[in-house]
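Marked as domain 'ABC transmembrane type-1' by TrEMBL: B:94-312. Summarising the annotation, TrEMBL assigns transmembrane segment to B:12-30, B:100-121, B:133-154, B:189-208, B:244-269, B:289-312.
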Amino acid sequence: MSFRSTCLAAAAVLALMCGAAQAQTLRYANQGELKSLDPYTVNETTTNAHLGHPYEGLTARGKDLKIEPALAEKWEISPDGLKWRLYLRKGVKFQGGEDFTADDVIFSSERVRAPGSNFTTRVPTDSKFVKVDDYTVDVILTSPNPILNAQWDTWYIMSKKWAEANNAVAPTPAAATTPSFASLNANGTGPFKIESHQPGVKTVFKRNENYWKPIESNLKEIIFTPISSDATRVAALLSGEVDVIEPVPVQDIQRVNASGNAQVLTGPELRTIYLGMDQIRDELLESNVKGKNPFKDIRVRQAFYQAIDIETIKSRVMRGLSTPSALMIAPELFSHAGFTRPKFDVEASKKLLAEAGYPSGFEVGMDCPNDRYVNDGQICQAIVGMLARVGVKINLNAQPKGQYFAKVLKSGGYKTSFFLLGWTPGTFDSHNVLNDIIGCRDNPNSSRGETNLGGYCSKAVDALTDKILVESDTAKRNEMIKEAYKISTDEIGYIPLHQQALAWGVSKKVKLAQRADNSVLFYYATKE
Amino acid sequence: MLAFILRRLFQSLLVMLAVALIAFTMFRFVGDPVNQLVSLDTPAAQVAEIRRSLGLDDPVVVQFLRYIYNAARLEFGVSYQFRLPVISLLGERAPATLELAFMSALFSLAVGIPMGVYTALRRDSWLAKIFQAVSLVGISLPTFLIGILLIYLFSVTLGWLPSFGRGDVVKIGSWWTTGLLTGSGWKALILPSITLGLFQMTLIMRLVRAEMLEVLRTDYIKFARARGLKTRAVHFGHALKNTLVPVITIAGLQLGSIIAFAIITETVFQWPGMGLLFLKAVQQIDIPIMAAYLMLISFLFVSINLIVDLLYAAVDPRLRATIGAH
């Protein structure tokens, strides 16, 4: 209302200026659907980005992914690192009219850890949230945690009053028997509110005129529709029916750029695509080598590494849209200085295989998803060809992600000998990589290494990882992270391939900042 | 007659049970639904808890019996992905699918019958030859390709029609939505209806042509001509009327297929119907939606067949006699 009257007043004086700031509707199509509006139900980038419009966290991440204050104005950490004091922003209102206070933070901290939440890792289970006054909250930890707030930008704060009034105190679990109010309605403090939501069909966002700070975007309304078919999504962009699409298939990028009314924003993504090898079983599940596991021999792992021509994968399969990587983390998140990939060398690879006792190679099965990452199936096919040149025969099993994950993950018993996977650390921090995919999985009572499908294990890395978790001195911490990467890279625990690229199709009328975590956020967008 | 109906009803029930059983056996091979529900870095203990709470740890037989028990009370469970009752999701999507199916059936009849008549009457004209060629294309090209070609021609190049969605819809009553009352709704219906109806249209055209040629050779047509009736009256009054009986039978039976096979068309045009919901459910391994959709489609086919059987019995006295003799 106030915006409109300001605009009208301005129109009387400066008609041109008002024209420039004219409110706009933006149409957006994504491959995936927006399923539940409950912000603790599905932890997935696209959903989190959608819900980042109506909701907000205590912190936010800027266009460069740096942590910024949001609902918490500032925070202080006690010298022993066991107490975080959060100072909350005053005068913020939820879209439903409720005041934002410490009670909402404490309520959200309980709800996010309740059964049925998929975001339990956002807040340590044994931490306590204590209300000091209406706008101050203390977080009491049992061990220091320098990256406590690393994922708080997607831990969205909900209103206690609203949740209690609408019987939505518990998160909507997967096995819900009654539909939850929170999965169909949203009430946050964010810059846009949800006007209507038809699950899987259409969601309309309206500008929140009472937002606590000026909104960079000039949009009045965002209409989101999922379009799952690649060809249709591109056609809708080219015909001008939608303004932004995500993703653009790599083979269509040139066509979109040549069209004149739209262009493709590309940039490096944070996800690292890599190959893993079963190094834990005494005999591989799918191989003609019996009685021993060739991947336990570092020479075999190196031979595989050197047989892969990553530049060809980049130019042929990825059409130039990938960044070959020597580390299991993207360079935006940890510096790659001092790390290089071993040289692509077919002769050296053959020699290593011969030294390891496989002069004529061997046969092994490979698992690969074909609908999860950019051109994942084709990458695997290229690798099959490259390994054939050094005598290794790969029996490729490329399947949809549903079957793939059921086979290779812990729940399926890690039934794989050789696989391709992608990983983005949720915390944007190396500890997550070192703990979840590089850490040993030998202790059944620990969650360490649960996604370490190949079972690579180094006790030295684990010891460093434990220290990294509690080290508050950034320089020292980075030194330890580097050392841990050095050990695991020297031992070739994995074969990193590349970081894939983002590809957003954007109409020429729209200006949009591209964030490397693939979050499409329209509070950064302006439309002519 | 009553015994016949009861027997057919019992057989129909068996067919539906068989469909449910086959579907449940297949679900074991589509993958693990829990991995689609949670992110990759979810602790394994939590994943196991979700699997247990969904009852996925139980033997297939137990899951199957539980499903049948619930389905008998019209409870089809809650969708894994949307966390909403499957019944309400299917209900919300049904109007879109039914409207599309109805429009494409209408299109196939309204275009197919005149084309069939024309090709039968003017067999050697060049237009008839073009129709024949078009019908060959319609029968041999896959649906998704036709859809994409139409989108590129009419949406991207010419910019006349929308490439996706239903346009603006109007709510009628508590759950029905229609696109037939808005301009954008009509525009949005054109391309998907043609895509979905093209195969049926060519089928009807060929059927009408063959039947018409057959009828035109019969004695009563010769007699009608000999009586000096106008050609027009002979063609449309006598020949076409007698041609339409098998056409109506086929068109009725095909309506079931149109609804069931709308999956591809709905995906290409992002048509928010039940087929799209089902396809996404397969990708996301949303077992409650898959199971309910398969049951619904089998119910549709079983009831259409039942009605057709009963109609035959009503129409054909010979059949009635055999039924009575049983």
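Every residue, even glycine, has its Cβ placed from backbone N, Cα and C.
TrEMBL does not curate its annotations; it predicts them automatically.
For the transmembrane segment (B:244-269), the partner stretch with the most Cβ pairs below 8 Å, chosen from B:12-30, B:100-121, B:189-208, B:289-312, is B:189-208. Scored by C-beta pairs under 8 angstroms, the transmembrane segment (B:12-30) has its highest count with B:289-312, from the stretches B:100-121, B:133-154, B:189-208, B:289-312. If you look at the transmembrane segment (B:289-312), the same-chain residues 6 or more away from its ends with a CB under 8 A from one of its CBs are 5, 8-9, 12, 15-16, 19-20, 23-24, 27, 30, 67, 71, 76-77, 79, 81, 86-87, 89-90, 249, 252-253, 255-256, 259-260, 274, 277-278, 281-282, 319. Here the transmembrane segment (B:133-154) has long-range neighbours at 115, 160-161, 163, 191-192, 194-196, 198-199, 201-203, 205-206, 261, 264-265, 267-269, meaning same-chain residues at least 6 beyond its ends whose C-beta is under 8 angstroms from one of its own. Nonlocal intrachain contacts for the transmembrane segment (B:189-208), taken as residues 6+ away from its ends with a CB within less than 8 angstroms of a stretch CB, comprise 99-101, 103-109, 111-113, 115-117, 119-120, 131, 134-136, 138-139, 143, 146-147, 150-151, 154-155, 161-163, 166-167, 179-180, 243, 246-247, 250-251, 254, 258, 261-262, 265-266, 268-269, 271.
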